[in-house]
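The UTP binding site annotation in TrEMBL covers K139, Q202, G234, D265, K408. Look at TrEMBL and you will find H235 tagged as substrate binding site.
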Amino acid sequence: MTWSISAECHNIRFYVSVSFLKNLTRGAMTEFQEKLRQQHEESMHRELEALLTTANKAEAEITRKDFDGFKKLFHRFLQVKGPAIDWAKINRPPEDLIQPYEKIKAKGLPENIATSLNKLAVVKLNGGLGTSMGCKGPKSLISVRNENTFLDLTVQQIEHLNKTFNADVPLVLMNSFNTDEDTKKILQKYKHHRVNIHTFNQSRYPRINKESLLPIAKNMGMSGENGEAWYPPGHGDIYASFQNSGLLDKLIAEGKEYIFVSNIDNLGATVDLFILHHLMSQPADKRCEFIMEVTDKTRADVKGGTLIQYEDHLRLLEIAQVPKAHVDEFKSVTKFKIFNTNNLWISLPAIKRLHEKNSMDLEIIVNPKTLDGGLNVIQLETAVGAAIKSFDNAMGVNVPRSRFLPVKTTSDLLLVMSNLYSLDAGSLTMSQKREFRTTPHVKLGSSFTKVQEYLTRFENIPDMLELDHLTVSGDVTFGKSVSLKGTVIIIANHGDRIDIPAGAMLENKIVSGNLRILDH
């Protein structure tokens, strides 16, 4: 009996010891991790200060502001533990928080819509290069229609608005260090257009070594190997860099209340007067501070961010935040039926308020990259739409697909250059001659990836009014006045070439093999 009691006591003592050890170990690990985080942060601050000493006087003040923003992002990056989203808490947004566009349009427009326009500024995200399409320089300077670039079309759209309504809607370009110089050179040609154009620069953040978590930059220079050491930190940086530039205060002082933000390569992102009127007609105490335009998801959009209800807030959910076990569910067209077009309407006073309170908590996107030399680095980025949860009375508007017409590839470029669309005052609209309002699915192979090569493969752009689906692979060229209808698949195998002859009409055809047409 004594043995069993002492054994029992011994067991109890042993159990307490294990529990105590576990807590001790857990505490020690937490303490160790906290010390490690502090060390990483202190090392980062030292490195950034050292880099600052290499900046010239002109850039030192801007760089310090950039680095202050980066320090905050890096601090939050070190604090993050596990996934930012608890999948069980995700709900579909209430119907009243995502309004159908038709309902907003049904309200009509007041006679004094110009008053509302005078309280608006248009911001285009202009930080990207055209490298993915084989072009040098800013993507906004690629010709997309009748020799007009993305920037030309944007200026034409806003100038048309200002002339039609006798309004003063300025254009604001958020450039990056990659696009700023080339863009500013081009802006000279718009001097006599009826558009006031402002620019400001996105921050310049240091890429960090994946292992050491320290900047790879040797100095503040942009040449040689050091050119790879910097990156623009995603469009979520708009809030801080807009404030830092002084442009936010300037626009508010001029009586501007809202900005309409969109990607410059989205040719469907024009100023919509009905959405603008909806914003301006809300009671002052229920003023909507943020509208995200969403549209119905198709199979082509499964990776696009979607709106969810999360802890009583409307929130943007990006695929990078989704736990691996739920990625297929996220891509489902039935569960998540809408996606973010990145056309956003945002209150300027609200941006100022949230920035001053430092209460805009944007989820961090960790973007891993491998540089040309094989070095693994990470970029810390944020998305502009992620701020929706911080604004009062935020909502989504489910807009027609026509408001989402991005040009990311030459396949997209073929669509917007074709007779599927007509161009009027800088705006592209689908031709009335097309029976179905859906956009054809076009997939051009690797021989068409670069814009210059793509252009040499078409004597002129085919008639695509009745096209549903086009796939082209291999060494293929198109003669003049070709017409494509229904589903057309053209495949030239390795070593073969297919020349589609001038005047050919292909309807529901598969073309393969070798077809050469030579000048006589």
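In case you wondered, yes, glycine gets a Cβ from its N, Cα and C as well.
Locations of recorded TrEMBL features on the structure.
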residue : record           : Cβ contacts under 8 Å, 6 or more apart
K139    : UTP binding site : G128, L129, G130, M133, F150, T179, I264, D265
Q202    : UTP binding site : G127, M174, N175, S176, F177, P232, P233, H235, D237, I238, S241
G234    : UTP binding site : I365, N367, E381, T382, A383, V384
K408    : UTP binding site : S132, D265
Record lists K139, Q202, G234, D265, K408 as binding UTP; longest Cα-Cα distance in Å?
21
Just to be sure I understand the packing, how many Cβ atoms besides its own are within 10 Å of the Cβ of the residue listed as 'substrate binding site'?
24
